[in-house]
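Novice: After the structure tokens below, expect a handful of questions from me.
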Amino acid sequence: MGSRWSSEEERQPLLGPGLGPGLGASWRSREAAAAALPAAVPGPGRVYGRRWLVLLLFSLLAFVQGLVWNTWGPIQNSARQAYGFSSWDIALLVLWGPIGFLPCFAFMWLLDKRGLRITVLLTSFLMVLGTGLRCIPISDLILKRRLIHGGQMLNGLAGPTVMNAAPFLSTTWFSADERATATAIASMLSYLGGACAFLVGPLVVPAPNGTSPLLAAESSRAHIKDRIEAVLYAEFGVVCLIFSATLAYFPPRPPLPPSVAAASQRLSYRRSVCRLLSNFRFLMIALAYAIPLGVFAGWSGVLDLILTPAHVSQVDAGWIGFWSIVGGCVVGIAMARFADFIRGMLKLILLLLFSGATLSSTWFTLTCLNSITHLPLTTVTLYASCILLGVFLNSSVPIFFELFVETVYPVPEGITCGVVTFLSNMFMGVLLFFLTFYHTELSWFNWCLPGSCLLSLLLILCFRESYDRLYLDVVVSV
């Protein structure tokens, strides 16, 4: 496949000896699955049509979680007038996303020990509580702001599952030639939810009019508040529907595993964490993902705040954010499908994507400094640079996830992706923390984008790829 495999020791414990005829009954734990696999010629796995329903439910949950997380950034000007939010409040509302990743390792443990169903049910229940908390009708604005912050915090706690469990779901339910596509769909829908917040918020909630007389301003404030509450109630209703559907049907795994890798023995939680932290290659590629994606996520969450000095309206900022993420989702799924057909090309795909991301982020940053660079600052240039940046960075997410799992296999997928998304949100949190103190001048925030993309490009260039899980499915099962 054009790449060197990792050490023989890393592949040694994957397949256990012996085979009983009842493979489906034996696959109730990873250890039993390993013992149930044949020592000689494993048969191909079996896939079930219900896998698409499981993927749909999980993807909808991820979509709404991203939508709820990005509720306030696109309508920050309206939220200031309706609830008296400050710039610090707006930054903190976005910051609850990465703060929710602090108990990430607990969710990773739960996913590894109790499986997909229990973890997804807990996640959706937290989202029900969070979105419900924001809808409590209270006239006291101080208490209302606290409830909104509490709701955003609970929704942030759902982030570890919707961001980490996509590769686990794809390995559990999908065959080797569908895994990257399933991972892309499940992981990209969270970003698509954040993109739709750029569209829904500004279209439903009107922007404030600072030139209105006092009485008209009070009427406008009440109208804006009513429209924001309509959005909050709608999000609460959708979350309740998804929770009910998940409670009714979301099986933890199929009766039979879809591939050899899905049935093979994995490392324990403790051994997995130790393996990840001692693997220099993994740490290298994890930083290549975490730094630019963390910076970009924080930048996207306050895009309206960043574009306000450039005299970009709330609606235009919403459309820019929407198309940048939608383009990334479409290209990401297309890239993942391409990776399913032509295997062993993940590093090359990432090099191409981050070359484009470095150029487009530099273009955007220099455009915002038009008083120095004299580059044209127009709606077209802002649209083009932001959309290209979103396409290149967002589409890299599923490719990164597949490369992580291949690099450190047999570490479980949920633990692997949990570590890297924790790192990404840590960088995002640090950036937004500084934003709460340095929010009057934001050119430093823009320069973080090309700097992080260039650093990631260099790390990917030095990375030596390997495909241990693919080796197991393609070579061992033949």
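Cβ atoms here come from the backbone N, Cα and C positions, even for glycine.
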Novice: Of the residues ASN209, ASN394, give the one that Swiss-Prot describes as N-linked glycosylation site.
Specialist: ASN209
Novice: Going by the topological domains in Swiss-Prot, would ARG114 and LEU442 end up on one side of the membrane?
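Specialist: Going by what Swiss-Prot records, LEU442 is on the opposite face of the membrane from ARG114.
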Novice: Over the span of the topological domain 'Cytoplasmic' (177-184), count residues by DSSP class, listing helix, strand and coil in order.
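Specialist: Going through the topological domain 'Cytoplasmic' (177-184) residue by residue, I get 6 helix, 0 strand, 2 coil.
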Novice: Residue list, the topological domain 'Lumenal' (139-155) vs rest of chain: Cβ under 8 Å, 6 or more residues beyond ends.
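Specialist: Contacts with the topological domain 'Lumenal' (139-155): 65, 68-69, 71-72, 83-85, 89, 92-93, 96-97, 99-100, 126-127, 129-133.
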Novice: For the transmembrane segment (385-405) against the transmembrane segment (315-335), do we get 3 or more Cβ-Cβ pairs below 8 Å once near-sequence pairs (under 6 apart) are dropped?
Specialist: yes
Novice: Report, as numbers and ranges, every residue of the chain located at least six residues beyond the topological domain 'Lumenal' (303-314) whose Cβ falls under 8 Å of a Cβ in that stretch; write 'none' if there are none.
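Specialist: Counting only partners 6 or more residues beyond its ends, the topological domain 'Lumenal' (303-314) has Cβ contacts under 8 Å with 73-78, 87, 90, 198, 202, 207, 320-321, 368, 377, 379, 382, 386, 439, 442, 445-446.
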Novice: Under an 8 Å Cβ to Cβ limit, what residues of the same chain, 6 or more beyond the ends of the topological domain 'Cytoplasmic' (111-117), are close to it?
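Specialist: Contacts with the topological domain 'Cytoplasmic' (111-117): 161, 164-165, 168-169, 172, 250-253, 269, 272, 412, 414-415, 418.
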Novice: Are there residues at least 6 beyond the ends of the transmembrane segment (415-435) whose Cβ is under 8 Å from a Cβ of it, and what are they?
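Specialist: Contacts of the transmembrane segment (415-435) (Cβ under 8 Å, skipping residues fewer than 6 from its ends): 91, 94-95, 97-101, 104-105, 107-108, 111-112, 159-160, 163-168, 269, 272-273, 276, 282, 286-287, 289-291, 293-295, 297-299, 301-302, 400-401, 404-405, 408, 442, 445, 448.
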Novice: Are there residues at least 6 beyond the ends of the transmembrane segment (443-463) whose Cβ is under 8 Å from a Cβ of it, and what are they?
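Specialist: Result: 281, 284-285, 287-289, 291-292, 294-296, 299, 306, 347, 350-351, 354-355, 357-358, 361-362, 364-365, 368-369, 389, 393, 431, 435.
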